[in-house]
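Marked as domain 'NADH:quinone oxidoreductase/Mrp antiporter transmembrane' by TrEMBL: A:129-420. For A:509-531, the entry in TrEMBL reads region 'Disordered'. Taken from TrEMBL, the feature transmembrane segment applies to A:31-51, A:79-97, A:109-127, A:133-152, A:164-186, A:206-231, A:238-259, A:299-317, A:323-347, A:368-386, A:406-426, A:460-481 (among others).
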Amino acid sequence: MNWLVAVPVALPLVGAGLALAFARSPKVQRLVSLATLSLSLAAAVMLLVYVDSGPVVMDVGGWAAPVGITLVADRLSALMLVTSLVVSLAVMLYSLAQGFADGDDGAPVAIYHPTFLVLSAGVSTAFISGDLFHLYVGFEVLLTASFVLITLGGTRERIRAGTIYVIVSMTSSMIFVIAIAATYAATGTVNLAQLAQRLPELDPGIQLVLQLLLILGFAIKAAIFPLSAWLPDSYPTAPAPVTAVFAGLLTKVGIYAIIRTQTLLFPEGRLDDLLMVVAVATMLVGILGAVAQVDIKRMLSFTLVSHMGFMLWGIAMTSSAGLSAAIVYAVHHILAQTTLFLVAGLIERRGGTTSLLQLGSLARLSPLLAVLFFLPAFNLAGIPPFTGFLGKAGLLQAGAEHGGLLSYGLIAAGLITSLLTLYVVAKAWNMAFWQEAPEELVPSVPESGRTMTVLPRAMVAPAAGLVAVMLALVVIAGPLFTYTDAAATDLRARTPYVDAVLPDGVRGTGDSHVITESESAQDALDPGEDE
Amino acid sequence: MSPGTMIEVTPSLALLLAAGVLCGTGVYLLLERSLTRIVIGMALLGNGVNLLLLVAGGRAGGPPVLGQTEPEDMSDPLPQAMVLTSIVITLGVTAFLLAMAYRSWQLNGHDEVQDDLEDRRVAERAARDEVSERATDDPGEYLAEPNDVVVEAEARDETRPELRRGGRKKGAEPNDVVVEAEARDETRPELRRGGRKKGSEPNSANESDSGEGGSR
């Protein structure tokens with residue numbers, strides 16, 4: 001069954017090729033995108049169940065670790081895969097519906113489908129790579145796709161925002177490559193499992209440098225303050241579906257990489273205090289930025305930055321409880337933030353603008369939209385019984401257990417951030433939906449010339465679907481926490497991951513023959529068999 | 001390829017220095033405002049980093065082919081494979097950046113990287129209210145007198161009268177970002193004329209852009 005790991009990467013890539021080949025036939029493109037994303041999601045769900053009994057490892061090309069490239073799915077990877085694919089599928093449906101509603105026969109730009117699928121493949125690659133360099137390649141795949149998506153159409157504003165985004169992303173990639181080069185020079189391997197064994201033998205100073213370099217590269221991607229200035233300016237200019245998928249996934253890939261490297265490679269957590277300070281700054285600066293905004297999209301971008309701090313906090317606590325809460329929070333945040341950006345797109349459609357100063361009385365015009373904004377927004381603020389509350393409660397609990405001055409400072413910062421988030425979203429809801437509009441709302445006019453007095457149902461449905469998934473998470477919060485607790489315990493223990501990748505001990509076999517499951521079991525018993 | 005069988009792993013100083021110089025100049029150019037210089041900086045930085053990756057494999061040895069070199073004398077093939085991948089990525093992104101610089105020049109008549117929207121808004125507010133002297137010093141003044149931009153654009157585009165006209169129109173309202181759609185349509189005729197003069201290729205690119213531009 002270990003071929004299953006590669007499906008969420010291989011399928012979208014093949015789909016992207018097909019979609020590119022059928023660039024002139026929007027129907028085929030639609031079919032291909034939906035089919036590949038759905039099948040990948042199915043594979044990811046199967047993985048989610050499958051990895052509950054241990055990490056699934058696939059050696060690409062039959063070259064066993066540590067020689068070849070390894071794909072590994074453990075509980076954390078599988079959970080992130082499922083969440084990201086759910087979100088991708090919903091966003092894809094939304095953008096298709098938007099295409100239909102705008103009267104261009106469901107065909108956005110011909111390049112949209114292939115690029116979106118490549119983005120999905122890149123995100124999946126990052127989640128399952130068991131190899132530092134392969135992680136870099138995954139990052140590059142998703143970044144390159146995101147460059148195209150963020151500058152789609154090449155309008156003035158998108159080129160301006162895209163320029164900054166591209167340069168910042170590339171700089172972070174360069175730092176990542178430097179980190180890889182330094183790691184390889186110091187240890188002679190880039191395989192994560194083997195690094196986990198070799199890094200502790202290094203000089204502590206060198207370890208610290210490697211850790212800092214890796215965190216620096218990932219923190220730019222995850223928009224951790226003070227490396228977050230690029231995000232609130234880049235995201236709002238992109239089209240609504242693109243912003244939604246970026247907000248949900250790209251920063252979380254950075255957080256995932258931080259979790260993976262911190263737990264697997266640097267379990268001692270020597271930078272925890274630094275991470276905690278940075279988490280406080282990220283939360284507070286981000287949310288204060290959001291308070292000052294009068295545009296929904298920009299406001300949401302600032303809350304996105306702010307709430308990355310919560311996940312960083314969970315990572316910095318170096319405890320299973322903290323990690324588990326961070327993972328829950330990441331899942332919650334992917335769903336909530338994506339939904340909010342999709343709904344912001346709907347608001348823009350219905351009200352003609354996303355500026356809170358011009359919007360008003362949308363609740364009367366479109367009650368469904370009001371509910372769709374209300375639920376994820378207050379989920380983000382952490383009102384019980386939503387998942388935002390559960391994640392934050394987990395973090396607070398872990399923080400209290402962790403103890404120490406910094407930890408209590410973080411608890412205070414977390415509470416302040418939550419209250420300010422509540423203030424921000426309540427203000428937005430009040431201004432956009434509740435109070436009277438300052439003037440007559442002008443619905444946006446698509447190219448076909450029809451005014452959108454009624455929102456297309458097909459566009460509302462994906463957003464509503466995501467809200468439903470979000471609410472479903474509340475219902476299954478118990479099993480979810482059990483799952484993430486197990487994931488966090490695995491991450492802290494490290495042995496399940498390392499043993500799965502290197503079943504034959506320190507060196508692994510590096511055998512180049514195709515390993516079937518029964519054979520690999522035999523190999524584990526008798527490593528010298530083939531020689 | 002365990003480190004034990006590798007030949008000497010101390011990297012050569014010359015390569016390290018070269019990587020350092022490349023990275024240094026790259027970062028310096030990256031701090032420039034002009035997108036063209038940033039592209040060059042990015043290319044230099046990319047090559048410097050790639051060199052660093054190569055250096056990570058240790059000193060050069062024989063080709064890593066069995067039967068040709070003894071395993072003890074082989075150079076490490078893994079960094080070379082990684083560098084190849086990295087070079088391809090750098091190349092692709094450089095191409096993308098170049099396309100972006102060209103598009104930026106098409107739209108604005110120059111390839112300066114513009115300020116962050118928030119920065120500009122703060123500066124604009126400060127310039128209007130004259131609340132803070134300090135804030136108006138730099139970007140505020142720049143915004144208050146957008147003619148600077150026009151002069152700059154004109155200086156750059158002497159060879160291209162049509163584009164200069166487009167540049168001036170844009171330069172007159174650099175703050176206005178909301179009207180991107182109509183602004184685009186306004187520029188288009190001029191740009192297209194500019195493109196036609198140049199050859200048929202940019203022209204067709206423009207047309208396909210206008211077809212795709214609006215919806216997403």
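Backbone N, Cα and C atoms are what each Cβ position is placed from, and that goes for glycine too.
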Within-chain partners of the transmembrane segment (A:31-51) [C-beta distance under 8 Å, separation at least 6 from its ends]: 1, 4-5, 7-8, 11-12, 14-15, 18-19, 22, 73-75, 77-79, 81-82, 85-86, 88-89, 92-93, 96, 113, 116-117, 120, 124
Contact between the transmembrane segment (A:406-426) and the transmembrane segment (A:79-97) (at least 3 Cβ pairs under 8 Å, separation 6+): no
Same-chain residues near the transmembrane segment (A:299-317), Cβ under 8 Å, at least 6 residues beyond its ends: 222-225, 228, 231-232, 235-236, 247, 251, 255, 258-259, 262, 269, 272-273, 275-276, 278-287, 289-290, 293, 323-327, 329-330, 333, 337, 340-341, 344, 356, 380, 391-392, 394-395, 398-399, 402, 407, 410, 413-414, 417, 421, 424-425, 428
Cβ-based contact of the transmembrane segment (A:238-259) with the transmembrane segment (A:79-97), 3 or more pairs under 8 Å: yes
Residue numbers, six or more beyond the limits of the transmembrane segment (A:109-127), whose CB comes under 8 Å of its CB atoms: 8-10, 12-13, 15-17, 19-20, 23-24, 29-30, 32-33, 36-37, 40, 73, 77, 80-81, 84-85, 88, 92, 95, 134-135, 137-146, 148-149, 152-153, 245, 249-250, 253, 256-257
Long-range Cβ neighbours of the transmembrane segment (A:323-347) (under 8 Å; 6 or more residues past either end): 76, 79-80, 83-84, 86-87, 90-91, 94, 98, 239-241, 243-245, 247-249, 252, 255-256, 259, 263, 296-297, 300, 303-304, 307, 310-315, 317, 354, 359, 362, 369, 372-373, 376-377, 379-380, 387-388, 390-392, 394-395, 397-398, 432, 455, 459-460, 462-463, 466-467, 469-470, 473, 480-481, 484-485, 487-488, 491-492
Intrachain neighbours beyond the transmembrane segment (A:164-186), with Cβ under 8 angstroms and 6 or more residues off its ends: 132-133, 136, 139-140, 143, 146-147, 150, 195, 202, 206, 209-210, 213-214, 216-218, 220-221, 227, 230, 233-234
